[in-house]
Amino acid sequence: MAFEMSDLDNFTGKSNSQMQFQPILYRRRWFILAMFCCCSMSNSYHWIHLNIISDRVLYIWNVSIPGRTAAERQLAVDTLSIVYMIAYIPLIIPATWLLDRHGLRFTMILATCLNALGGWIKCVGGVLAVDPNTVTNESPTFAQMSAFPVLMIGQIMDAVAQVFILGIPSALAVTWFGELEISTATALGVLANQLGTALGFCIPPMIVASPPTKYEPTNYSILPAAPSSSPSDASNDSGYQFFHQNVMYLLYIGAAVNTLPAIPVLCFFKKEPPTEPTLAQYHRKRTSASMTNVTMYSAETLNFSQQLPLECCKYPETEGNHTSIDPSEKEADNEVTQVSDIDSFNPRCVIVPQTSSINMFTGKGFKGQLLGVLGNGNFTVLLLSYGVTTGLFYTLGTLLNVILQVYFPGNAAIGWIGFTMIISGMLGSILIGIALDRTRRYRLISLLVSGVALIWMGAFTGLVLLRSLIWMFFASGFIGFALTGFLMMGFDYAAELTYPANEGLTSGLINASAQIFGIIFLFTASHLASSFEVLYTNILFTGLSFVGFFLLIFVKEDLRRSTMQKSVP
């Protein structure tokens, strides 16, 4: 049973009686997490689903793609993916402020609506695409020239939705899940995003086959005929009509996948449970509420937050993990039990106990939290380490085909190597999340994971010279396992180091760091691969992996959220 103060005037009561707080876990938390996972999965699918078939995109939108040279037109298509990283950097601060100000439900509704809108706008871009042969002897119309720009607008909408989505996993986990479930819930949220990316690699090539041509894809003056063996029996249609139809199927499926999660989110997604699932979340919420009225009290009254004992904030004797699961799902009425005897309420029970630097956040708004988080030395080092390591992961995934084509030209197994990297990463997210929940050894596990990534990145650099696909599958699997697991762990580690700061803020900052480093690494590695050899690109990746590991050594294990939980008798 949770207690809530109903009369602010009683905040200064002087009773010495103790108030007991009982956290409750609601079964609906898994449904809340499932709704988020569906939204995140559909969004990450759209990140890569057009770039994995870039030759088809060049074929279908040939008339409206900007650029005079093949390189410029290819860059325009690559921007469909790059825009996901570019959009994140300027929008992360307002997106984090929105999550902090309006909560999970408002942010999720906005993200799902933007996601769905982006999918349908891309369908419009597909409808506007025309056969280049129909405009050979005349200038294309404005509508025809708008096809690819409209497609890009839809992709930008999905990219903006991604900014709101990526900051949610850790915030959702601490809002709805118990102390021993937070890391696992965060891992599942990240896993869903990775699963969407994996589907984005696999599904589009299955729906839209490559045009049966070997000439330059940016110059389709002569269109190929569709294969007569096609299940669509497209032998009576031009090749363009056949492939355009398949691309439209892909776009409609993508739009539908984006739209479906919006329905349950609008109807069933809740901002927060009636009763907090952990003591740490209870303290944060009560502290925030009390500090909102800071001007009503004298400085002498407010300064008690630095000298209050913890003994007034005890768990009642319940189950072994001190958390009660409501078997009858009594939260249906969305009511919280009020204190029946207000005179017995001890205001000292709702104040966050003093820990190192914890008061830097209390009583401050978003700006105060932002400055406080950036002033946290441990978080700043983690921010750099996470940015380097995860930025490396993004760059490696983007350039994997470019690297392996040098050693395995034309080999269809290259795509499955990337798929293996992502699937093994999903497994890593789950196992590492469970390990963190069971041991709370963040520093040790993060160093082990980063060390595994460093070892196998170096192995990848050497083994690729052997031109053995089997070794490539092994190396890529271990790299994906470690780097994706580290991606998930960074969210939870940052939340531990900066408690009681909002998790959406810390998640947004480390994500922004990864996007910035990813863009820098991508252009640098691409230049090395095109101007020199891909071997130098692999050496760069190994060096970056070492930098990420080295920085992590200097992060001290100041687990403030866990300390809050353990300090309660």
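Each residue, glycine too, has its Cβ placed from N, Cα and C.
Pulled from TrEMBL, these are the features on record:
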- 30-48: transmembrane segment (TRANSMEM)
- 82-99: transmembrane segment (TRANSMEM)
- 106-130: transmembrane segment (TRANSMEM)
- 150-174: transmembrane segment (TRANSMEM)
- 186-207: transmembrane segment (TRANSMEM)
- 249-269: transmembrane segment (TRANSMEM)
- 370-394: transmembrane segment (TRANSMEM)
- 414-436: transmembrane segment (TRANSMEM)
- 443-463: transmembrane segment (TRANSMEM)
- 469-488: transmembrane segment (TRANSMEM)
- 509-529: transmembrane segment (TRANSMEM)
- 535-555: transmembrane segment (TRANSMEM)
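Among 106-130, 150-174, 509-529, 106-130 has the largest number of CB pairs under 8 A with the transmembrane segment (249-269). Only sequence-distant pairs (6 or more apart) were considered; of these, at least three Cβ pairs between the transmembrane segment (106-130) and the transmembrane segment (30-48) are under 8 A, so the stretches are in contact. Contact between the transmembrane segment (82-99) and the transmembrane segment (509-529) is supported by 3 or more Cβ pairs under 8 Å, counting only residues 6 or more apart in sequence. Counted over residue pairs 6 or more apart, the CB atoms of the transmembrane segment (509-529) and the transmembrane segment (443-463) come under 8 Å in fewer than three pairs, which marks the two as apart. Looking at which of 150-174, 370-394, 414-436, 443-463, 535-555 has the most CB pairs under 8 Å to the transmembrane segment (186-207), the answer is the stretch 414-436. For the transmembrane segment (414-436), the list of distant contacts is 52, 183-188, 190-191, 194-195, 197-198, 201-202, 205, 397, 400-401, 404-405, 408, 442, 445, 449, 469, 472-473, 476-489, 492: same-chain residues at least six beyond its ends, Cβ to Cβ under 8 Å. Long-range contacts of the transmembrane segment (443-463) within the same chain: residues 385, 389, 392, 428, 432, 435-436, 471-472, 475-476, 478-479, 481-483, 485-486, 489, 493, 535, 538-539, 541-542, 545-546, 548-549, 552-553, 555-557, each at least 6 residues beyond the stretch ends and with a Cβ under 8 Å from a Cβ of the stretch. Residues 378, 381-382, 384-386, 388-389, 391-392, 395-396, 399, 403, 443, 446-447, 450-451, 453-454, 457-458, 460-461, 464-465, 493, 497, 521, 524-525, 528-529 of the same chain lie 6 or more positions beyond the ends of the transmembrane segment (535-555) yet place their CB under 8 Å from a CB of it.
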